[in-house]
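A.B. asks: What TrEMBL records for this protein is below:
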- Thr180: active site, nucleophile (ACT_SITE)
- Arg208, Ile209, Gly210, Asp211, Thr231, Gly232, His233, Gly234: substrate binding site (BINDING)
Amino acid sequence: MLARQCNSDAQTFRPTVLVHGGAGAIRDENVANARLGVKRAASKGYEALQQTGSVLDAVEEAVRLMEENPMFNAGYGSVLTWEGDVEMDASIMHGAHLEAGCVSLARDIMHPISLARLIMAKTPHLYMAGEGAMRLAAAQGFNILPKGALVTEKALKHLEMFKTNSNRTQGGQLYGPPGTVGAVAIDACGNVAAATSTGGLMGKLPGRIGDSSVLGAGTYADNESGAISATGHGETIMRFNVASRILTLVQHGNQTMQQATEHVLQQMTKRFNETAGAIAIDHRGQLGIYFTSRRMSWAYQQANELHSGIDAGEDVVEIVGEAPNV
Ligand code: GLY
């Protein structure tokens with residue numbers, strides 16, 4: 001399917017940017033900042049969509065803002081490997097041509113999501129990792145930070161607590177920010193995109209790769225079915241192929257995006273006793289927002305409405321000013 005060109009005749013969808021700041025046990029004292037972080041990200045992504053008309057710009061800009069926010073487990077704020085380093089995964093995908101870029105084991109850069117997009121745009125490859133990916137980043141002018149610059153005091157403290165606690169259940173999310181970040185977007189013509197970025201699981205072995213950079217697991221976008229970004233226990237999300245399953249139910253199972261998202265995540269949690277969350281927009285512009293974890297921060301902007309939530313069933317709506325369709 002070709003990218004749909006937006007013109008006045010074709011504007012049948014409500015442009016929307018929906019983001020999440022991660023599923024998990026967000027502590028009460030972090031709820032306000034997590035909500036603020038996702039609301040700002042949704043607005044930033046929506047602004048990008050209005051300015052450039054690109055769903056890729058929308059999801060990248062939304063994720064970049066959350067990568068800079070130590071509230072979330074991505075970019076600055078990433079959780080640490082067992083050895084105390086930051087190793088990040090990210091991916092981005094456009095639903096028109098199924099073009100995508102994925103990166104794993106990214107280090108010392110603030111914006112792995114932009115490196116994923118660069119891999120998509122400027123290399124013949126889809127997925128790069130480790131040293132080669134970092135050499136590409138340096139050659140393409142990324143700001144390579146001093147070693148350790150992404151390691152926050154909070155992340156160090158959480159790793160220490162994690163190492164000394166014998167109960168490391170729930171995918172290592174017992175301590176630290178449960179906060180893989182992601183975004184999905186749709187434009188007025190029905191083009192969709194998805195992006196996900198993460199520091200992974202706290203205390204992971206160096207070299208471990210999670211679901212966020214894996215298409216069909218943590219991220220997917222197809223104009224014929226929709227766009228998804230997942231968050232939660234990566235090993236389980238990959239085994240259950242969460243994004244693909246949700247989109248298959250929408251495309252072939254006659255389910256709404258909300259029904260499909262709920263069904264797949266409930267099945268996953270029932271089968272593996274691990275939790276996850278997902279945000280999704282289907283090819284008709286309908287949304288899916290669901291999590292089996294205790295909480296998940298999310299927000300979306302649609303015209304002048306900014307919606308957000310953290311607890312199950314919550315949907316707070318604010319009016320943020322008139323926004324023309326794009
Ligand atoms: N969902 C993030 C990870 O497991 O890496």
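Glycine residues also receive a Cβ, built from the backbone N, Cα and C atoms like all the rest.
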A.B. asks: Filter the candidate list Thr180, Arg208, Gly234 of recorded positions, keeping only entries whose CB is under 6 Å from an atom of ligand 1.
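C.D. replies: Only Thr180, Gly234 qualify.
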A.B. asks: Which secondary structure state does DSSP assign to Ile209 (substrate binding site), in the simple three-class scheme?
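C.D. replies: It is coil.
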A.B. asks: Counting only other Cβ atoms and using a 10 Å cut-off, which of the recorded positions Thr180, Thr231 scores lowest?
C.D. replies: Thr231
A.B. asks: With substrate as the bound species and Arg208, Ile209, Gly210, Asp211, Thr231, Gly232, His233, Gly234 as its recorded binding residues, calculate the greatest Cα-Cα distance and give it in Å as a whole number.
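C.D. replies: Taking every pair among Arg208, Ile209, Gly210, Asp211, Thr231, Gly232, His233, Gly234, the longest Cα gap is 16 Å.
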A.B. asks: Neighbour count, 10 Å Cβ-Cβ cut-off, for Gly234 (substrate binding site): what number do you get?
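C.D. replies: Cβ-Cβ neighbours of Gly234 (substrate binding site) within 10 Å number 28.
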A.B. asks: Quick check for the class: what is the C-alpha distance, in angstrom and rounded, between Asp211 (substrate binding site) and the residue listed as 'active site, nucleophile'?
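C.D. replies: That separation, Cα to Cα, works out to 10 Å.
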A.B. asks: When you measure from the Cβ of Ile209 (substrate binding site), which residues in the chain that are at least 6 apart have a Cβ under 8 Å away?
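C.D. replies: Long-range Cβ contacts: Asp89, Ser104, Leu105, Ala129, Gly200.
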A.B. asks: DSSP three-state call for Gly232 (substrate binding site): helix, strand or coil?
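C.D. replies: DSSP call for Gly232 (substrate binding site): strand.
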A.B. asks: Can you tell which of Arg208, Asp211, Gly232 has the least company, meaning the fewest other C-beta atoms within 10 angstroms of its C-beta, among these binding-site residues?
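C.D. replies: The binding-site residues Arg208, Asp211, Gly232 were compared, and Arg208 has the fewest Cβ atoms within 10 Å.
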A.B. asks: Tell me the Cβ neighbour count for His233 (substrate binding site), meaning other Cβ atoms within 10 Å of its Cβ, over all protein chains shown.
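C.D. replies: By my count, 27.
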A.B. asks: Give the number of CB atoms, excluding that of Gly210 (substrate binding site) itself, located within 10 Å of its CB.
C.D. replies: 26
A.B. asks: In whole Å, note down how far the CA of Thr180 (active site, nucleophile) lies from the CA of His233 (substrate binding site).
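C.D. replies: It is 10 Å, counting Cα to Cα.
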A.B. asks: What is the separation, in Å, between the Cα atoms of the residue listed as 'active site, nucleophile' and Gly232 (substrate binding site)?
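C.D. replies: Cα-Cα, rounded: 8 Å.
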